[in-house]
Amino acid sequence: MAMIRLEHVNKYYGQGATRFHVLHDINLQVAAGELMAIIGESGSGKSTLINIIGFLDDDFEGNYFYNDQAIHDYTRADFAKLRNQHVGFVFQNFKLIRDISIAENVILPLLYAGVGRRQAKKTAARVLSRVGLGGYDDKLPTELSGGQQQRVSIARAIIANPDFLIADEPTGALDTKTSQEIMDLFKQLNQTQHTTIIMVTHDPRVAEQCERVVKIIDGRIVDDRKVGGN
Amino acid sequence: MRNAELLRSALQSLRANPKRSFLTTIGITIGIAAVITILALGNGVKKRLSDEFNTTQNGEQYTYLYFTPNDSQSAASGFTETDLNAIEERFGAKVKKAAISHETNNASVSPLVGNERVNNATISLFKRPTSKISIIAGRNLTTNELLTEEPVILMKESLAKKQYQTVQNTVGTSVSIGDHDYRVVGVYRSQANTYNDNKYGADLIGGTKLFYSGTTATTGYGIKLTFYQGANAGKVTKKIKKYMEKKGTSAHDGTYMAVDAGAELTKVNNMITGLTAFISAIAGISLFIAGIGVMNMMYISVSERTQEIGIRLAVGAAPQNVMAQFLLEAIVLTVGGGLLGFVIGWLLAGIISNFMPYHIHAVITLNSFLLAFGVSASVGIIFGILPAKQAANKNLIEILR
């Protein structure tokens with residue numbers, strides 16, 4: 001059974017005569033435990049697609065069934081709850097709040113889920129050491145390198161045990177070596193924790209390490225194939 | 001999100017910009033401080049009015065009428081029973097009671113100290129020895145002496161030094177007031193008594209019983225007039241004064257003076273009431289402008305922290321969480337300023353009251369506190385709600401793009 005099922009999803013930007021058709025009739029299913037890459041040129045609509053998949057964008061046409069729930073009918077507040085409980089985000093530019101500590105950043109999803117600060121901080125320490133940043137709790141994001149900041153962002157994404165991760169160009173701002181470290185971390189999460197990961201990338205070296213690659217050109221899925229992964 | 005966490009993150013973001021936060025609150029602080037100051041002084045005047053003067057608990061008013069003989073050696077009796085009867089007969093509709101004033105706090109006397117007449121001296125009278133004075137020579141009065149009407153008296157340090165150079169010399173000397181000769185048994189340390197409002201600061205301290213025995217029981221230089229509720233005490237007192245000047249027993253031997261302490265305080269009260277309205281209006285404008293300052297700062301904060309808002313929404317903050325956070329920031333800001341203003345107003349009122357006549361104290365009530373808290377919180381809510389709404393309604397996709 002597919003965890004994520006998109007049926008005839010269309011997405012437009014703007015209105016009236018200047019309306020721009022970004023996604024054309026997207027049909028896509030993602031099963032639990034997959035490590036999937038979405039590739040395409042910039043402007044092809046791949047980010048728009050994962051924003052919809054990740055419950056960031058509730059303004060689209062078509063049907064989105066999440067574990068067979070028809071979430072295209074949900075309200076804005078429902079979407080906030082979905083984001084909080086079911087998905088973790090990793091962004092290209094990390095998106096950490098700059099004037100609060102690493103631990104404070106990481107515990108945000110737990111705080112919004114209603115967990116107490118003390119409990120959340122314990123969990124954060126554990127998750128930070130899992131991503132290789134044990135003991136960095138009280139540092140500020142600006143004191144860390146790009147690769148380390150991306151690890152913090154991954155720690156934040158996985159702290160609430162989401163069903164899947166959305167990663168938008170997670171290695172886009174990192175050098176080759178650091179990119180590989182982050183990819184190793186994703187693969188490790190996928191293999192040991194069976195975390196479903198959907199990432200957008202235009203880096204072929206990153207894409208070829210995934211099990212499944214979906215290619216988008218001009219808002220249409222043109223290719224969807226299993227690759228070996230490793 | 002738990003409420004404690006919301007408050008925490010609000011404080012956190014305000015601390016990130018301490019100077020801006022502080023500057024934004026100054027307007028609120030000034031506005032609240034002004035209101036609290038004037039309210040505290042106004043309350044002080046009202047309390048003084050109801051506590052000390054003019055109005056008894058059941059709403060009756062009273063005034064005093066004093067007689068001053070032309071010659072300090074005069075045998076004029078001042079007010080007599082004849083006078084009292086005449087007043088009650090003539091002004092009975094307004095005056096409930098006219099009685100010789102047996103003033104016990106700072107009563108005016110002209111004692112003979114040794115051989116020298118001291119005019120404008122004051123005496124406080126006690127039924128029991130008081131421990132609120134500190135004896136520096138001789139001893140205090142005893143309960144037994146006061147009970148058995150022993151002619152003993154205490155003298156204030158300053159008067160003793162003036163008359164006898166040292167306090168030791170003073171003990172054992174004599175003082176005569178009216179019909180009685182007293183022996184000075186002790187000297188006590190001087191206390192402040194600027195407005196004759198401190199009974200322990202009088203020049204002499206003696207026993208009530210002996211002082212008001214003999215002719216002083218039925219005659220005296222002062223009478224207390226008690227009025228029925230609603231009577232214009234000040235006006236009637238003036239009429240009684242005029243009447244006494246014509247028909248009083250001692251009309252030809254001295255002058256009469258009406259003391260309506262309430263009237264003086266009422267003037268101060270009216271002034272403060274007017275001032276309260278004026279300052280409240282200014283404070284209102286100040287609070288309004290301060291509120292706009294808060295709104296402006298919150299709008300700036302919302303647009304500066306667009307990324308933070310996006311991140312919070314992305315990790316699962318509901319729009320109302322974001323709104324609550326920004327609203328709380330505005331409220332913490334204004335309430336913080338308001339409480340600071342409350343403290344400053346309190347201190348300011350305390351300082352100003354030192355320069356006020358009639359020994360008015362600043363009076364801070366729970367209501368003043370609630371007013372400061374309520375007004376500043378309201379300013380925060382009123383001027384914080386729009387920026388907070390804007391923060392909550394930001395388009396997540398546009399922020400994260």
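One is the number of the first residue shown, and numbering goes on along the chain from there.
The backbone N, Cα and C atoms fix where each Cβ goes, glycine too.
Caution: TrEMBL annotation is automatic and unverified by curators.
Here is what TrEMBL records for this protein:
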type	residues	note
TRANSMEM	B:21-42	transmembrane segment
DOMAIN	B:21-241	domain 'MacB-like periplasmic core'
TRANSMEM	B:275-295	transmembrane segment
DOMAIN	B:281-395	domain 'ABC3 transporter permease C-terminal'
TRANSMEM	B:330-352	transmembrane segment
TRANSMEM	B:358-386	transmembrane segment
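Listed as Cβ neighbours of the transmembrane segment (B:275-295) (distance under 8 Å, sequence separation of 6 or more from its ends, same chain) are residues 24-28, 30-32, 34-35, 37-39, 42, 330, 333-334, 337, 375, 379-380, 382-384, 386-387. Model confidence over the domain 'ABC3 transporter permease C-terminal' (B:281-395) is summarised by a mean pLDDT of 91. Under 8 Å from some Cβ of the transmembrane segment (B:358-386) lie the Cβ atoms of residues 28, 32, 35-37, 39-41, 43-48, 194-195, 197, 261, 264-265, 268, 287, 290-292, 294-295, 298, 326-327, 329-335, 337-339, 341-342, 345-346, 349-350, 352, all in the same chain and six or more residues away from its ends. Shown for the domain 'ABC3 transporter permease C-terminal' (B:281-395): DSSP residue counts in helix, strand and coil, namely 98 helix, 0 strand, 17 coil.
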